[in-house]
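Participant: Grabbed the feature section from Swiss-Prot, which reads as follows:
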- Asp613, Asp617: Mg(2+) 1 binding site (BINDING)
- Asp613, Asp617: Mg(2+) 2 binding site (BINDING)
- Asn757, Thr761, Glu765: Mg(2+) 3 binding site (BINDING)
- 613-617: motif 'DDXXD motif' (MOTIF)
Amino acid sequence: MAQLSFNAALKMNALGNKAIHDPTNCRAKSERQMMWVCSRSGRTRVKMSRGSGGPGPVVMMSSSTGTSKVVSETSSTIVDDIPRLSANYHGDLWHHNVIQTLETPFRESSTYQERADELVVKIKDMFNALGDGDISPSAYDTAWVARVATVSSDGSEKPRFPQALNWVLNNQLQDGSWGIESHFSLCDRLLNTVNSVIALSVWKTGHSQVEQGAEFIAENLRLLNEEDELSPDFEIIFPALLQKAKALGINLPYDLPFIKSLSTTREARLTDVSAAADNIPANMLNALEGLEEVIDWNKIMRFQSKDGSFLSSPASTACVLMNTGDEKCFTLLNNLLDKFGGCVPCMYSIDLLERLSLVDNIEHLGIGRHFKQEIKVALDYVYRHWSERGIGWGRDSLVPDLNTTALGLRTLRTHGYDVSSDVLNNFKDENGRFFSSAGQTHVELRSVVNLFRASDLAFPDEGAMDDARKFAEPYLRDALATKISTNTKLYKEIEYVVEYPWHMSIPRLEARSYIDSYDDDYVWQRKTLYRMPSLSNSKCLELAKLDFNIVQSLHQEELKLLTRWWKESGMADINFTRHRVAEVYFSSATFEPEYSATRIAFTKIGCLQVLFDDMADIFATLDELKSFTEGVKRWDTSLLHEIPECMQTCFKVWFKLMEEVNNDVVKVQGRDMLAHIRKPWELYFNCYVQEREWLEAGYIPTFEEYLKTYAISVGLGPCTLQPILLMGELVKDDVVEKVHYPSNMFELVSLSWRLTNDTKTYQAEKARGQQASGIACYMKDNPGATEEDAIKHICRVVDRALKEASFEYFKPSNDIPMGCKSFIFNLRLCVQIFYKFIDGYGIANEEIKDYIRKVYIDPIQV
């Protein structure tokens, strides 16, 4: 009978023992029982290894002969005398008893669900009320509107918008400044306060407010030099405001060195603008009110939007009105004052940005499934205004905005809209750098975050996406290292998106991270700070927390069922395998309550596949593997009398499960699908036999041969077909192969699984005699290539495969149920995260444990 080499056995056991005897690995020690015993003759020492699964057969490895024997724990009777390998994997971190003790009130009480239902209705109302944008008042912009003059009948000037002046008079804070009381940013407060003091001084009113405001400015102006960051275009706008304040006789410390330095910087930038008077840089239009002395007011009118605004900025629009008397500017500002009750925001309209941001916010929080119709309406609206030039904050924005465009590209593509990444080319300067590279402020940082996230969805050969990634990733990593912004929430988001890009971001893990860092009093910054109530929303946060906990309670019940099944089936007693119920369950990456049957079937089948993988790799002989495979092909349990009893038990458990799941499939699909179900299992075990024959012959296949076989033996075929047939959607016979094997998307996801796995397991497999891996096969095809060369090549192949899989996933296919496509496509996530640093299935480490704890074990505080 064919045997693995003695040296391979020793190497494998040496590798396994390293995990057990490593003094730094206390968990591994405590979860393994290792005993040295003597035979009755006193001549042979035997090492006995048992996993954490409990009672069951023990594999005994003789130190003198290298052979192993399966013995009964209770009688120590030798069952066979065949050399076998024993894989000393780390023990199960989520033992049956741990899972069974989980309790949560969110499953038992209807109060939580009733409150969640109420919140869903309220948030739907918020979607339905979306208009041109809901945004907080801006003292800075309102003061600009208050400064606009008109000529009265006696020839004297008076405020054209007295309601704006009254708002400035009545909204000074206790410390003498103007701004959002709950959030202090020095740049924001100074811009708001200086301009408010100017507005009051122009009309010679509010003398006490002017005095208090000037006192605040004088006290804080000296601190400006200590600021780590300045708001966008501060160096253009603020010196111009100080010049106006000085002309009005407002007593301030104008000669501070830092103020002089700001003025010098402004003069240099004005020189650049003057030299390009016929072509003012678009990114400087936002600071138009700081450029008064160099603007040609006739030529500037070509930048006016349909709604009458200039770059959606009331301040800039008021400045143009002051210098031109344009009626469209007047009408817009008058309408804004009516809408916002005597004040104006820092930008308007923001209908596109608000819709995209709300959808993005809802989906980040993990509650998007409650608002499918509302999301579609919002995105249909955005898509109607989508342009190859890009989009701005509002539908009438004349100048596209990188942040809104990148967010739109990502969100629209995610939902299946046809949008080209070439739109990003509009945001590069002559050096190929994106506009957001200028300024180094967190407004630009937000743009780069969305640029990076958009690049996650790259298709093959999309140069614009590749350029975006090359620019955005180092930019964000540098931002994390240098802390160029004080925005804590934004940094937490950057840490997550860089650490877990889209192809690695498990939906529930992302939701947990976003909820934990969510700030329902969050402010954004343009020239000044502002709030968007639809985004910084306590109702969204409350629903997200409740929904997460309610769904988690269902997941806990499913995990209890699954660990109980694993134990009662006897599989927990099999000691040659890894016990990974919680990890396999996590791998489904499908959390919606309606897919409970899918998750349960996937996990049961997946756990058995982990067992089969270990059985084929380290336990079964070639002949036993062939017998087992023949039983699978014939769908017959009577062919198993020549294989060990533990393998017979595994087969019977598998066979029973197949019958049970097929019965469930019949109920959903309305017909017997067994013929479809058997095919991937036959392919799967045939590949195991092929791999073992190559191993026994010492043959390393070519890279192409390797992929054809090993991409199947990774096991996605058998473990996904029945689950997708249980998703509640009818899958026609001819559609099965379009979504499952051998569809392009399925093969690409399988390829990414196989090769990503190889990069973290090949050394361990090589040590136990399994020479064939993607790394080894590439090196065989390319003499002289190093392991490092092979890994780099494999990473490129995986990157390409994921891009092609994305293209296949988003490609329109009306006959394929979207739920089925999503289930297959989302399986790419778990392999990327499980094999990010180590073999996350073979070594049940603390990082994986932390993922599972966050998603399934620990509820969110409500």
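The backbone N, Cα and C atoms fix where each Cβ goes, glycine too.
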Participant: Binding-site residues Asn757, Thr761, Glu765: which have a Cα within 10 Å of Asp617 (Mg(2+) 1 binding site)?
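Facilitator: So far as Cα distances go, the binding-site residues lying within 10 Å of Asp617 (Mg(2+) 1 binding site) are Glu765.
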Participant: So which residues does the motif 'DDXXD motif' (613-617) touch in its own chain, when a touch means Cβ under 8 Å and the partner is 6 or more beyond its ends?
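Facilitator: Answer is 85, 87, 576-578, 625, 628, 647, 650, 688, 691-692, 713, 715, 765, 768, 770.
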Participant: Return the residues near Glu765 (Mg(2+) 3 binding site), defined as same-chain residues 6+ apart in sequence whose C-beta is under 8 angstroms from its C-beta, sorted by sequence, else 'none'.
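Facilitator: Expected: Asp617, Ser773.
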Participant: For the recorded Mg(2+) 3 site, enumerate neighbouring residues of the same chain (Cβ within 8 Å of the Cβ centroid of Asn757, Thr761, Glu765, site residues themselves excluded), in sequence order.
Facilitator: Asp758, Lys760, Tyr762, Ala764, Ser773, Asp839, Gly842
Participant: Express the predicted model's confidence over the motif 'DDXXD motif' (613-617) as a mean pLDDT, rounded to an integer.
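Facilitator: For the motif 'DDXXD motif' (613-617), the model's average pLDDT rounds to 92.
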Participant: May I ask for the distance between Asn757 (Mg(2+) 3 binding site) and Asp613 (Mg(2+) 1 binding site), taken between their Cα atoms and rounded to an integer number of Å?
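Facilitator: So the alpha carbons of Asn757 (Mg(2+) 3 binding site) and Asp613 (Mg(2+) 1 binding site) sit roughly 13 Å from each other.
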Participant: Just the number: how many Å between the Cα atoms of Thr761 (Mg(2+) 3 binding site) and Asp613 (Mg(2+) 1 binding site)?
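Facilitator: With the alpha carbons as reference points, the distance is 13 Å.
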Participant: Give me the count of other Cβ atoms within 10 A of the Cβ belonging to Asn757 (Mg(2+) 3 binding site).
Facilitator: 22
Participant: Please work out which residue of Asp613, Asp617 has the most C-beta neighbours within 10 angstroms of its C-beta, and give that one of the binding-site residues.
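Facilitator: For the binding-site residues Asp613, Asp617, the Cβ with the most other Cβ atoms within 10 Å is Asp617.
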Participant: What are the helix, strand and coil residue counts for the motif 'DDXXD motif' (613-617) according to DSSP?
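Facilitator: Tallied per class, the motif 'DDXXD motif' (613-617) gives 5 helix, 0 strand, 0 coil.
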Participant: What number of additional C-beta atoms lies within 10 angstroms of the C-beta atom of Thr761 (Mg(2+) 3 binding site)?
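Facilitator: Around the Cβ of Thr761 (Mg(2+) 3 binding site), 19 other Cβ atoms lie within 10 Å.
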